[in-house]
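Undergrad: Below is one structure. I have some questions about it.
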Amino acid sequence: MAEPGKGVIPGKLAINVQKRLSRAQEKVLQKLGKADETRDTAFEEMVVNFNKQMAEGTKLQKDLKAYLTAVKTMHDASRRLQDCLAEMYEPDWFGKEELDAAAEDIDTLWLDYHQSVTDKSLISMDTYLTQFPEIKNRIAKRNRKMVDFDSARHHFASLQKGKKKDEAKIAKAEEDLGQAQKIFEELNVELQDELPVLWESRVSIYVNTFQNLAGHQEKFHKEMSKLSQNLHDIMTKLEEQRQLKRGCTAAAKTRDGAKSEEANHSESASSPPECAVTNGCKGELPPGFLYKVKAIHDYAATDGDELELKIGDVVLVLAFDNPDEQDDGWLLGLKESSWLENKNISSKGVFPENFTQKV
């Protein structure tokens, strides 16, 4: 048995049980059509809107959390990819320090983006949704008090219609009716003021949430684009470095072969080599040669320094004398056929890289 002063007070428990029984009885009578029910169509529409608003807000909150989880997953994948590249990238390769710095910047950018979306969008949505449970409880309470009001109203009416009127009971019933009506109307008025305001607030919440999200996305992708371009440039320079080293190695081998040939055939030293007479060997490459490409689209030159291409043309790509003069997406070169015929690089020109492919 509960000790005095602890647990549920017996008298209050009995009152609550009686209220539940009265409400249940009243609802049964209303469903059977034996008692009229207080109806407020406008308020019922507000409740429908409230439930819809709460469901939509909860779904948006859930999807925002899922989006942030995906951002975190992408961040982790990006970090592992950058770590892998850093481990494989040899110290003497071009741009090692720049590559490491870019990896740190990419990692920081992902962290900032995740935190910004959390602070400006998710937390705002969390705060917005905290008000719904309390209002939902008050709507339920208002509905219970409406049943109490209907029950008190019907009880008072039945006493007044009785053949034997008990004035004391009628007075008590009238007092209970007035009290029930007051409690119900106070809740009803409060909610009728609050629910339309809450319904309208959803617009500003959605606007702020997606404006902030879009703004952070734009900033993130703009900064990530710059870092990606830097990484692309480093890889391009690394490939150029490799091609130059390969060209130097080939040239050294050619010189060594020429010296050996001269030693083995000293008797022909006084006469110029056939290659010189014919203005160069077939395998000779122009200075600054990097690699070959083949045209996969026709390109009509629009300026005097551009190279005109036809599908199938093989082009010898050359290094720019000044790398700063190279525009993104453009290469410098001359057609292989022209070089083999004239051994002259004066016919070189620039052309769009995406009109060709390496061979």
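Just so you know, the numbers here start at 1 and follow the chain as drawn.
The backbone N, Cα and C atoms fix where each Cβ goes, and this holds for glycine too.
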Undergrad: Region 'Disordered' per TrEMBL sits at which of 8-37, 128-157, 248-277?
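TA: Checked against TrEMBL: region 'Disordered' maps to 248-277.
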Undergrad: Kindly state the mean pLDDT of the domain 'BAR' (28-244) in the predicted structure.
TA: 90
